[in-house]
Amino acid sequence: MDRAFERTKILTDHLLQSSPSPVQTSLSSNACFNYTLPELSEKYAFDTKEMRRLIDGHHLEVRDRLFGMMSQSKLFNPRVRGGKVFVSPDYNQPMEQQREITLKRIDYLFERGAFKGWLTEQGEEIELRKFASFEVFGTFDHSMGTMLAVHFFLWGGAVQVFGTKHHHDKWLRDTEAHVVKGCFAMSELGHGSNVRGVETVTTYDSNTQEFVINTPCESAQKFWIGGAANHATHAIVFSQLNINGSNQGVHAFIAQIRDADGYLCQNVRIADCGRKIGLNGVDNGRIWFDNVRVPRQNLLNSVADVSADGKYLSSINDPDQRFAAFLAPLTIGRVSIATSTVYISKAGLTIAIRYALTRRAFSLKPNEPEVLLLDYPSYQRRLLPLLAKTYAMSFASHYLKKLFVKRTPQSYKTIHIFSSAFKATFTWNNLHILQECREACGGQGLRTENHVGQWKAEFDVQSTFEGDNNILMQQISKALLAEYVAAKKRKKAFKGLGLEHMNKPCPVIPSQLTSTALRSSQFQMDALCLRERDLLNRFAAEISHYQAKGPSKEHAFNMSYQIAEDLGRAFTDRSIFQAFAEAEATLAASSLKDVLGMVRSLYGLICVEDASFLRYGYLSVENAAAVRSEITKVCGELRPHALALVSSFGIPDAFLSPIAFNWIDANSWSSIQH
């Protein structure tokens, strides 16, 4: 008898208080669940250590050493659940305690040399080591990772790139030793993404050779400044510089806000931003400056300076170019956010997929064992495309880091575009991945000890800090349009940003797509290039149309925001896919390459499944249906490799959660007694 009919009959008999149906005699109680380690039944078709070397890319030993360093200290809140030790912050602590323990953990890492050379050494090796370390710290706690990013990447990075030798000698060594605790006072109550519009004003007093920093109105208060509420001793203050009544634009100054004993400096007022939906281990503060005086030497003067007698000096006369040169080096914030976000996606998927390989629900036939969650095609469809997306982000993350550590002044624009694209896309993807993982874990995903639900709140801020994601995507489209206009005007080929495909004949999608074609790297790249090319042409035409009718170029951009966002996503998808395909192409024939090829196929297919392919007519309805059907098939083929693929992320068990392992023992009565 159909199982649904059986249940309906039982319920009907109960409600009508009729005699039990004979069919009920066939029912028997299910045996109690027994947890079985998934490694006992899931086979590995490739070397997971080799896969980890491929997707982590660099400094595996450093990562493992830092994971171990945190696992060994009680400061990192170790607790035993289900016979295993896990470490994670206690998110249920009051905000003040979360902040204090975050600082103690950072001090512990300083004492053990975790940050040696971060600001006093130079070169690609130290910069890649910083990225690897930051990815590990963020996996334990986003608050700790954010505090370190503010101190090293924002405060320390600003001193490095905006300052000159005088500033380096005075500040970097003490910053690396944590004697100076820095913060980054850019955002204001009235201005966030629009840095050029900040309202803080600085003037110069030639009599004392001091700058005078002032908060002229409430909307000019510095807001969301990480580290400012409790701990920071110094701030990089972004302010309009007014010299002899002439505004020279935004500049950066070093201002001391607390003394060595933690007391506020004269004419500095600080208030707490209060409790947030996540990230409560970071002491975000608000700062007002009431004519605060700083020495002339505290202007970070790599781009511009002020002489002792008050003359403004800069080799860049054009204010727009000067502002661009000033902000160009700040991309490290977006690079670090993009690359560290991928690790959280890895951890969330590892937890959800391990749980889905041991948790069962419903039987297909009476008295048969219940089915593993990941054996349901619907579960595979929910989680495995996200796994493919995370692999793709990993390879794109390597590309971005290499681009950054090999940077030159000529490459700043390229880094800005890719870091904006990847930061926006990776952080959006991460929130989607964590939400799906939370739901896939059912009620267990709501518990803070199981991480995935809590991480969603902790990492939500990434979609708006270091640039609002929607604005970043529009910036990408503006940059692509500038490349398009320049190429057409010069009548030269496209070069850079991966736009060389614009020089080739336009790809053609076949009217009928076979399974082999749909999975091929060439078809997928052609489809992504076709979309990007067409949207760039459409965007240029639409901007031209609005410019012919509207009052300004800015108005034309505002009216074209929808196609601008579609173009930004098209550029990003193609760039990520290209990084993935290039990594796959480096591998010799092997089982690892075979599995990675399936993962790449799945990523390419979910990109082509995007609604824009139907919206703009790149795929017929029939071909779109074929893409969807092929995704289901590839998910089924990847199912046997799911455990190996998440194990390849190399995240230690202690940094996952109880439901990734023996969740029955972890929730037993005896575990409560202990």
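For all residues, glycine too, the Cβ spot is worked out from N, Cα and C.
According to TrEMBL, the feature active site, proton acceptor maps to Glu466. Cβ neighbour count for Glu466 (active site, proton acceptor): 26 (other Cβ atoms within 10 Å of its Cβ, all protein chains included).
As annotated by TrEMBL, FAD binding site applies to Gly226. Within 10 Å of the C-beta atom of Gly226 (FAD binding site) sit 26 other C-beta atoms, taking all shown protein chains into account.
According to TrEMBL, the domain 'Acyl-CoA oxidase/dehydrogenase middle' annotation covers 183-292.
The domain 'Acyl-CoA oxidase C-alpha1' annotation in TrEMBL covers 330-481.
The domain 'Acyl-CoA oxidase C-terminal' annotation in TrEMBL covers 524-656.
For the domain 'Acyl-CoA oxidase/dehydrogenase middle' (183-292), the number of residues in each DSSP class (helix H, G, I; strand E, B; coil) is 6 helix, 52 strand, 52 coil. With respect to their backbone Cα atoms, Gly226 (FAD binding site) and Glu466 (active site, proton acceptor) stand 12 Å from each other.
Mapped onto DSSP classes, the domain 'Acyl-CoA oxidase C-terminal' (524-656) shows 110 helix, 0 strand, 23 coil.
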